[in-house]
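Visitor: Could you have a look at this structure, given as structure tokens, before my questions?
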Amino acid sequence: MACLGPSAQVPELPEKNCGYREVQYWDQRYQGAADSAPYEWFGDFSCFRDLLEPELRPLDRILVLGCGNSALSYEIFLGGFPDVTSVDYSSVVVAAMRARYAHVPTLRWETMDVRALGFPSGSFDVVLEKGTLDALLTGEQDPWTVSSEGVHTVDQVLNEAGFRKRTSRLLGLHTQLELVLAGVSLLLAALLLGCLVALGVQYHRDPSHSTCLTEACIRVAGKILESLDRGVSPCEDFYQFSCGGWIRRNPLPDGRSRWNTFNSLWDQNQAILKHLLENTTFNSSSEAERKTQRFYLSCLQVERIEELGAQPLRDLIDKIGGWNVTGPWDQDNFMEVLKAVAGTYRATPFFTVYVSADSKSSNSNIIQVDQSGLFLPSRDYYLNRTANEKVLTAYLDYMEELGMLLGGQPTSTREQMRQVLELEIQLANITVPQDQRRDEEKIYHKMSIAELQALAPSMDWLEFLSFLLSPLELGDSEPVVVYGTDYLQQVSELINRTEPSVLNNYLIWNLVQKTTSSLDHRFESAQEKLLETLYGTKKSCTPRWQTCISNTDDALGFALGSLFVKATFDRQSKEIAEGMISEIRAAFEEALGHLVWMDEKTRQAAKEKADAIYDMIGFPDFILEPKELDDVYDGYEVSEDSFFQNMLNLYNFSAKVMADQLRKPPSRDQWSMTPQTVNAYYLPTKNEIVFPAGILQAPFYTCNHPKALNFGGIGVVMGHELTHAFDDQGREYDKEGNLRPWWQNESLAAFRNHTACIEEQYSQYQVNGEKLNGRQTLGENIADNGGLKAAYNAYKAWLRKHGEEQQLPAVGLTNHQLFFVGFAQVWCSVRTPESSHEGLVTDPHSPARFRVLGTLSNSRDFLRHFGCPVGSPMNSGQLCEVW
């Protein structure tokens with residue numbers, strides 16, 4: 001059977017075969033490429049994927065010759081190979097492909113003649129072509145021999161070692177033409193290759209060799225130039241100056257409500273994980289890693305999931321006692337349903353219960369209870385009903401549709417779901433806003449279970465917590481930390497005055513919300529309609545494998561991290577990162593010594609806390625020890641044929657893990673993020689900063705990039721997390737991670753004065769006419785400002801020790817200016833208006849634009865290096881500074 005992929009209509013052929021060698025023919029052929037479907041010569045990637053994949057590695061640098069209007073390069077990316085450069089004779093089709101795949105930054109597109117490739121020798125590990133050499137053959141006298149002009153240039157750009165590695169196997173199996181078709185390797189399309197000759201002349205004329213002309217420097221210079229908007233003055237709007245080009249080149253991908261550096265890097269990490277999990281030769285000595293593959297494959301079994309439909313959830317609801325929306329239910333079982341929904345299946349109706357370090361005694365774990373129970377992202381969506389009418393209507397439609405899919409009747413389902421929504425609105429009314437919960441000293445309340453029972457008597461707390469933490473034995477004297485006593489008291493009163501049928505509907509609705517992502521496409525389609533209203537996503541085209549990677553990361557993230565780290569993480573990165581943290585910590589402590597508002601006793605305690613901050617880089621050590629890794633997931637049963645059951649088993653397993661933690665001290669090996677995560681965090685109860693392997697990559701960090709970019713990228717992230725130890729919440733914890741007052745009153749008053757300046761500054765910023773909440777974002781804004789200052793001071797210290805760096809070619813920036821541009825370009829972002837609104841009401845971070853503008857307008861160093869005068873938009877003349 002012929003293997004043909006979906007293609008556009010076949011274009012007209014040239015009058016003579018030799019026309020295939022003429023660029024004019026190809027330019028004319030591809031005039032409509034930007035608006036047409038891909039066209040595949042011979043067949044698509046699936047036709048030869050099985051032949052090719054055994055020869056590829058996730059980090060191979062791949063060059064695709066004569067890419068044309070084919071989807072091959074994108075399909076290779078989706079197959080788990082992110083580093084792909086594509087060239088074509090036609091500048092018309094190259095422009096079209098750049099536009100079509102602008103949302104995938106690791107796909108690079110260049111206009112080149114394959115007979116004269118402009119890449120340095122050894123640039124690629126794999127070279128692929130599908131029909132390009134056929135075009136060259138139209139001018140050959142012998143149709144079985146490719147002239148040296150094509151083969152030699154391919155041989156030259158291949159990595160020699162990589163070519164030899166595969167030659168012994170391939171030469172015996174394939175002809176010369178097939179060998180080139182099978183191909184072998186890439187890293188780097190130099191985006192400024194057109195300038196290489198001129199730059200080389202300049203280099204030889206300059207005896208100091210002050211311009212860096214390495215491949216890495218040329219490539220990163222090209223990326224920086226692509227992102228800049230030179231039409232905007234840096235003193236007018238530095239975010240637009242730094243990111244205007246990036247924003248033009250990065251329209252929102254379908255199905256996304258936001259797109260930024262973090263999303264892009266996570267997509268790359270996911271592609272690597274996909275390749276690892278779908279490897280047909282997968283073989284591991286770790287049972288946890290084998291569970292990871294089984295879980296992932298169960299998620300991919302779409303036919304099985306569709307076949308089961310809604311039945312798994314219907315059976316579960318019947319097992320719990322029924323749901324008033326869909327049929328008979330047990331009217332006297334509120335506690336039993338609550339225990340099942342919140343205990344066995346870990347949903348969070350009314351409140352959330354978890355085990356974590358006691359903030360006031362951080363060497364021990366304790367039961368903690370906090371507010372919860374709302375499905376929409378924020379209480380604001382429920383309370384401002386006029387402004388959010390579309391969202392509330394879409395949410396009710398979603399509730400009704402799911403109720404109907406599970407067996408509800410048209411005449412009653414909407415009314416019963418409306419009652420559940422009204423209950424959530426009442427919950428929203430008593431939910432405390434996030435900006436009023438920032439003082440942890442005020443919201444922390446330790447009490448016994450007996451005291452909790454007196455506070456919120458509508459349910460039996462000892463019975464509930466004993467079930468939740470079984471087999472542990474609890475008594476009335478067991479300590480519990482409650483965050484928000486007023487909330488729990490009012491929740492208890494709300495439960496008492498609500499009809500049992502509405503309580504049942506609400507509890508089961510919480511279970512339905514948690515489990516429908518494991519069901520068939522009808523439930524996914526229903527959710528997509530709600531997400532379109534809530535976040536502005538136009539349509540979802542997320543491949544199933546990406547959804548399954550995310551699910552696997554949630555379920556078995558550290559076993560998945562073991563695979564990721566072994567495949568990608570350079571151990572030297574850990575040493576380099578630790579060195580950078582030391583430099584940034586030293587810069588922060590030096591700045592502490594110059595703070596005029598802080599008394600000496602508080603300053604000394606702050607220095608001791610900074611010294612005591614423990615840094616965790618890359619991954620926790622246990623993930624590379626198979627037995628230790630297996631022990632972490634011991635007891636979690638995973639099969640390859642039931643994704644829904646795997647998810648139920650996960651909820652039950654996580655409840656057991658939580659119970660197991662209560663009588664144990666907190667462990668430093670217990671990370672809150674998996675190694676592949678593109679993020680970082682500070683944990684006050686451990687006084688530690690954590691930088692997973694996933695973020696120790698470009699654009700945050702690359703070993704052969706200028707230090708200005710590394711300090712402006714990962715350096716600012718490090719400074720940000722370190723400064724969290726001293727933001728409005730972190731500063732309440734001492735060096736041991738305990739919540740206690742350690743500041744002198746005079747310094748505390750001065751601190752609050754300085755942070756009030758930050759709060760007021762950010763409260764003036766607006767997005768689509770809506771003001772930021774400077775109180776809600778205060779901690780992150782303090783960390784952004786302090787992190788930038790610490791990283792820049794660390795960079796200056798590095799320069800004093802090592803001397804000035806070479807400058808990047810063509811960008812026209814000093815290295816000091818480059819530091820600030822590098823920082824800003826980390827935050828280049830696009831977002832729908834709906835998603836922007838959601839961020840304003842839920843996110844403790846300021847929007848990306850103001851993380852740049854707010855921070856840099858407070859930086860004397862930035863204002864000096866860019867010469868921004870007082871009165872310019874970037875220099876109001878009033879600087880807010882805490883650290």
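The backbone N, Cα and C atoms fix where each Cβ goes, and this holds for glycine too.
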Visitor: In Swiss-Prot, C868 is paired in a disulfide bond with which of C212, C217, C235?
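Guide: Going by Swiss-Prot, C868 is disulfide-bonded to C235.
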Visitor: Quick one: which of E640, E780, E804 does Swiss-Prot put in the Zn(2+) site with H720, H724?
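Guide: When Swiss-Prot describes the Zn(2+) site, the candidate it includes is E780.
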Visitor: Swiss-Prot annotation: C243 disulfide-bonded to which of C828, C880?
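Guide: Matching partner in the record: C828.
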Visitor: Cα-Cα, whole number of Å: C548 (disulfide bond) versus C212 (disulfide bond)?
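Guide: With distance taken Cα to Cα, C212 (disulfide bond) is 42 Å from C548 (disulfide bond).
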Visitor: Nearest to E721 (active site) by Cα distance: which of the recorded positions N279, N753, C828, C868 is it?
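Guide: Its closest listed neighbour, by Cα, is C828.
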Visitor: Using DSSP, would you call N429 (N-linked glycosylation site) helix, strand or coil?
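Guide: In three-state terms, N429 (N-linked glycosylation site) counts as helix.
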Visitor: CB neighbours of C868 (disulfide bond) within 10 A?
Guide: 20
Visitor: Over the region 'Methyltransferase-like region' (1-160), work out the mean pLDDT and round it to an integer.
Guide: 76
Visitor: Measuring Cα to Cα, how many angstrom lie between C243 (disulfide bond) and C235 (disulfide bond)?
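Guide: One finds 14 Å between the Cα atoms of these residues.
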Visitor: Sorted by position, what residues of the same chain at least six away from D784 (active site, proton donor) have a C-beta under 8 A from it?
Guide: H720, S846, R851, G854, T855
